[in-house]
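Down below is the structure, laid out as structure tokens.
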Amino acid sequence: MLTLEGVRIAMEGGALAADFSLSPGRRVAVLGASGAGKSTLLDAVAGFRALEAGRIRWDGQDLTGLPPDRRPVSILFQDGNLFPHLDLARNLGLALRPDGRRPDRAQAERIEGALARVGLQGLGARKPGTLSGGQQGRAALARVLLQARPILALDEPFAALGPALKAEMLELVREVAEGLGALVLMVTHDPGDAGLFADDIVLVADGAAHAPVPTGAFLADPPAAFRSYVGSPAPERG
Amino acid sequence: MAPRALALIAGGVLAALTLGPIAAVLIRAGGLATLGPGDWQALRFTLWQAFLSALFSTVLAIPVARALARRRFRGRGLLVALMGAPFILPVIVAAMGLIAVFGQNGLVNLGLAALGLPRIDIYGLHGVVLAHVFFNLPLAVRMLLQGWLAIPAERFRLAASLGLGPRATWHVLEAPLIRRIAPGAFAVIFVICLTSFAVALTLGGGPRATTVELAIYQAMRFDFDLGRAAALALLQLALALVAGIVALRLSRTAGFGAGRDRVVPRWDGQGALARAGDALALLAAALFLLVPLASVVLRGLPGLAELGPQTWHAAGHSVSVALGSTALCLAWALPLANRRGELLSLAAIAISPLVLGTGYYLILRPLVNPFDLALVVTAMVNALMALPFALRILRPEAETVEAEYGRLRATLRLTPLAWLRVVWVPRLRRPIGFAAGLSAALAMGDLGVIALFADPDRATLPLQVYRLMGAYRMEAASGAALLLLALSLGLFWLFDRGGRVRADT
């Protein structure tokens, strides 16, 4: 259980409040207009941004003061998820060997397995720059698979992909997350993505991240703050 | 955290190695009363030659930079690159080249004699200023050119659509630019010329053309008056600190002029007079830089056969000093590639190698024979001198890597060593190679602190060239100078290239 207790996060032009819990294994879309504070919320959970007030707990463990590298969170950023000078095997190897040493035989097999799992079998020797955007996303997901942490945070990593490819990647995220039994927090400004992918929706609007609402119920009867966002004359597209 | 500890250690060692010798100088200096009239004459000469060098370099750079900024022609890129070359050119090599052109039997005097005009003498004030202009005119050109190229293209379009004449263009666009950049360029060059030792050693001399640094050297080597050497070092230190602070204020925006090159489309300066003027400025600058270098090569080729075992021995020393200095410089630069480190290293820029050398000599003398450590001290002082440049190259790139991959590093839980080995160094290969190349070339060509410490067995190649010149073995000196030039450029090329090949990003 990921619990945000009376959380307050400072951000440009105000603060973001959050006070709710998320259950393990759920897929949660963090939905809101750009600038509302979606990424801010994710950064606070991942440890890249300090809290002004409140606590964040995971299964009773207090994460509040922990640095990012000691939290049970793996995260995919909008870009820069792979080191461009390292081949895929080496990039993935860092998830298993944070000391930078070469993986042993068993680990090498796990790496090859993770690549195969995301449909990149045999591409371990390729550098990220030689892959398409979709393939890079897959490789980053394979790395998350190896990191095997109970919380997976996605900060719009597929925003640059076309709709068909994005749907494919979301399906892959679902598989990966189910394999890990991980809680997924996915930032998006697109209700369509949320509908395809999420069990629950956390709406970020008006300086607060609201408690999760099941996706079906949310979309059937959207809250006022969400309606005004979707109904705005020029909705932002990824 | 380990990187932080490393940075603290590197910073502490840096502070100890600069402040320690200064403390030694302060303690040993007998007070200004030990300075004779000759020493005050040296101070006046130092200030005067630095003033003239900075003035001529800056003023003459204006037409050259203007021509480079507004003309496109074949070889323009090469000419801009040539403006960067003096930075890694050994002073003694340039001095040999200038002597070949402007010296007693040089090209200019041959021409003057053919016309029945009196000969000119390169030794003395004008020789020193000439050499300083040779080194610093290109620096001023690069600084001004960068400013010129930073003028938005729209301004030139606007000027063209308004139909501004040359006078109006000058007043509206060019004069404000020069007023903004030229004072900084002047100040930086003034400071550089204050700490000029090798130029004064080779082209100055005599009581009327001695700089404070040369006076330190003479007090130590010829009079063996350590108290006076320390007092002179103190004088030099005060001079450099005051001038350094002034220069820092004036040149905040100027930088070292190593920016990207681009050609802004221009519509002004299309008149025949403007074209001829620009062509003349470019031709004169190119000849001024290239002819001395070409004569080093041409005169050196036959001399290569005359290279004795002593010269080869000295070359070996120089290569080890250069490699040692480069390793040391990088060992400092890598952990200090941040804002605080760069500020710290600025201390090193104001302190002259001769002052540091004097301090080290004072510290070492009671403990060991300082001459035994000549090469070690030379490598160390050169590493200190190259550090500000290395940091200027590395810092922005290091901060980019941190900004781009710092979060990924955290989420992967990379250990500090893995971050350094697997990400940081590979991502920074190009700037590290470039910094190492600069550092190696600077150390290879340095003729400074080694002159204080050297005995006949421990010469470096620049010192060997100087000794051969002093013994009037010009053929051998020319050969050794060519070898020195080749080694300096070769080391720079090797390191810089090493950073580029297969550095796929």
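Cβ coordinates are placed from backbone N, Cα and C, and glycine is handled just like the others.
TrEMBL annotations:
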DOMAIN    B:43-247  domain 'ABC transmembrane type-1'
TRANSMEM  B:45-65  transmembrane segment
TRANSMEM  B:77-102  transmembrane segment
TRANSMEM  B:122-145  transmembrane segment
TRANSMEM  B:185-206  transmembrane segment
TRANSMEM  B:226-251  transmembrane segment
TRANSMEM  B:272-294  transmembrane segment
TRANSMEM  B:314-336  transmembrane segment
TRANSMEM  B:343-363  transmembrane segment
TRANSMEM  B:375-394  transmembrane segment
TRANSMEM  B:432-454  transmembrane segment
TRANSMEM  B:474-495  transmembrane segment
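The transmembrane segment (B:45-65) is not in contact with the transmembrane segment (B:314-336), judged by fewer than 3 CB-CB distances under 8 Å for residue pairs 6 or more apart in sequence. The stretches the transmembrane segment (B:226-251) and the transmembrane segment (B:272-294) do not meet in space: the count of Cβ pairs below 8 angstroms, excluding pairs fewer than 6 apart in sequence, stays at fewer than three. Of the two recorded stretches, the transmembrane segment (B:185-206) lies close to the transmembrane segment (B:432-454), with three or more CB pairs under 8 Å once pairs fewer than 6 apart in sequence are set aside.
When each of B:77-102, B:272-294, B:375-394 is checked for Cβ pairs under 8 Å to the transmembrane segment (B:432-454), B:375-394 comes out on top. Long-range contacts of the transmembrane segment (B:272-294) within its own chain (CB-CB distance under 8 A, at least 6 residues past either end) are made by residues 63-64, 66-68, 70-71, 79, 82-83, 85-86, 89, 94, 97-98, 100-101, 107, 134, 137-138, 141, 166, 485.
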